[in-house]
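Undergrad: Here it is, the structure in full.
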């Protein structure tokens with residue numbers, strides 16, 4: 001889409017395992033020595049125990065609410081990552097200078113220091129300056145920023161944001177035919193002229209439309225047909241125009257702040273009005289989870305079960321047609337590919353069932369690959385001006401029906417708190433590769449506020465890729481400002497270090513490590529965007545792992561997307577990514593209605609963009625490169641890390657949480673090779689594990 005999540009006080013307090021240190025673990029397998037990881041010295045009181053699901057949602061909803069209430073949120077950059085932004089900026093700059101873009105660029109970053117007084121102000125107007133030292137309740141706040149000192153711009157020929165894919169039964173033999181027969185060659189060659197001035201003019205027109213008087217002519221029908229009717233190209237244009245019109249404001253301007261406040265109050269009051277949340281340990285669950293091993297060994301490519309939302313109708317096997325089309329595209333058989341795309345278009349829609357939506361986005365990607373414009377389309381999708389508030393709402397919908405990210409965050413935060421408590425840490429330094437909007441950390445901040453004894457200082461080093469424009473670190477700095485405000489509410493001493501540059505170019509001194517602090521390195525599903533040895537002589541993945549090994553962290557917790565669609569061969573990769581996203585679209589179709597606008601936005605901004613990159617891009621432009629959890633396990637061991645076995649009680653409680661809050665027959669939680677695995681209907685999607693340096 002990057003980059004959403006939710007969580008808090010005592011959100012993990014119920015993970016109190018008196019038998020943790022007895023050394024008995026799962027499946028009678030030989031285990032690693034974990035003598036260096038003692039049980040918690042500071043068990044949390046029973047009266048603070050609460051349901052992890054409710055507290056996690058409460059904290060993150062509060063954090064998202066705080067983000068949405070900011071006055072200029074609509075104009076702020078979206079932090080859901082665009083892995084090609086830096087590369088596109090560098091290429092355009094080198095081309096403007098008449099030089100060749102180097103494969104391995106290692107520019108030195110610029111280091112600047114910004115006082116938190118410029119970023120965080122109290123309601124009364126006072127600020128917390130980095131040079132001020134106060135009491136423990138108003139401890140020193142500091143803010144550092146490390147960003148890439150390099151101007152940025154668009155690709156010289158970007159695809160317009162309103163670009164519409166079309167497939168017709170009759171196509172010209174030239175590559176431009178992919179846009180439809182009505183496009184001439186000159187028009188296609190000059191269609192990428194949407195300048196900043198034009199964008200500002202469009203924005204001004206949209207703002208002016210807010211003040212137009214209401215009339216029947218302005219009323220539109222938001223319903224979208226589920227089936228194709230009439231000519232495909234006309235239907236697609238009407239669908240796009242309807243979508244664009246529906247985004248315009250009503251004639252009478254209404255401040256969204258009140259609406260958002262009411263929406264979040266209804267959610268938060270429900271959580272706070274309850275007298276005492278029932279501890280998950282006291283709730284009644286089955287003695288054993290549904291299955292001992294929930295991940296089936298079904299053959300690759302087996303179709304997911306039909307979802308409850310699907311309706312009966314005779315349609316061709318879209319997956320088979322997509323694979324056949326991919327084979328035709330791979331050998332440049334344009335005639336066959338065009339015919340198959342035309343047939344697929346007749347039975348696909350972004351508003352249909354899971355299979356139809358899947359086919360819609362894969363057809364777009366195959367069409368872009370056939371035209372040779374995959375990178376431009378992906379860049380345009382990544383650069384689309386979608387407001388952060390809309391993205392957050394879509395993400396909130398996702399985490400409300402899918403436990404993947406919630407479970408990964410609970411697992412990581414609980415592990416950090418347990419080990420930090422065992423070490424009696426006074427300062428916790430979290431180095432987060434891919435911090436995005438920082439949704440993972442409010443729950444941990446809330447936990448720190450409930451911690452016994454003296455207050456613990458929190459340091460966070462937020463690492464992100466640079467954004468386009470003259471302020472490449474603006475997004476990651478904004479994340480630090482929000483986290484600082486959250487720490488201020490709970491009187492947690494806080495220090496933030498922002499880094500916006502290529503991850504493989506980060507040096508040890510950039511992280512500003514200090515003696516005696518508890519260092520935890522974390523990454524939530526973002527290592528998949530690092531290039532590997534197939535496209536770079538020095539693998540950025542191994543380089544980042546070696547950097548983490550040099551840090552000598554007290555704990556390293558990678559959360560990975562476990563996938564096998566990183567093969568260099570197109571058809572093989574296409575099959576794997578098709579099976580992977582078949583599960584994800586089926587999951588959305590089972591848990592959300594087709595008309596849900598947030599579902600449509602999430603699938604378009606995240607799934608659709610990722611599919612476009614995997615299918616239509618190659619070389620360094622293909623940044624969606626997941627590996628299986630066993631491949632990441634081998635990489636970590638080669639880099640000098642030792643894996644820590646999972647807590648049996650923790651895995652059991654997470655299973656029960658998913659089974660009680662979600663559909664137990666579809667969402668899977670299990671473990672293998674000391675990895676906590678999550679999946680859908682037997683297919684592994686995400687994995688998390690704990691490592692320490694040798």
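Every residue gets a Cβ built from N, Cα and C, even glycine.
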Undergrad: When Swiss-Prot marks a stretch as motif 'VHIID', which of 428-432, 433-437, 438-442 is it?
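TA: Comparing 428-432, 433-437, 438-442 with Swiss-Prot, motif 'VHIID' matches 428-432.
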Undergrad: Of the residues in the region 'Leucine repeat II (LRII)' (478-510), how many are helix, strand and coil by DSSP?
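TA: So the counts come to 18 helix, 7 strand, 8 coil.
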Undergrad: List the helix, strand and coil residue totals of the motif 'VHIID' (428-432) as derived from DSSP.
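TA: So the counts come to 0 helix, 5 strand, 0 coil.
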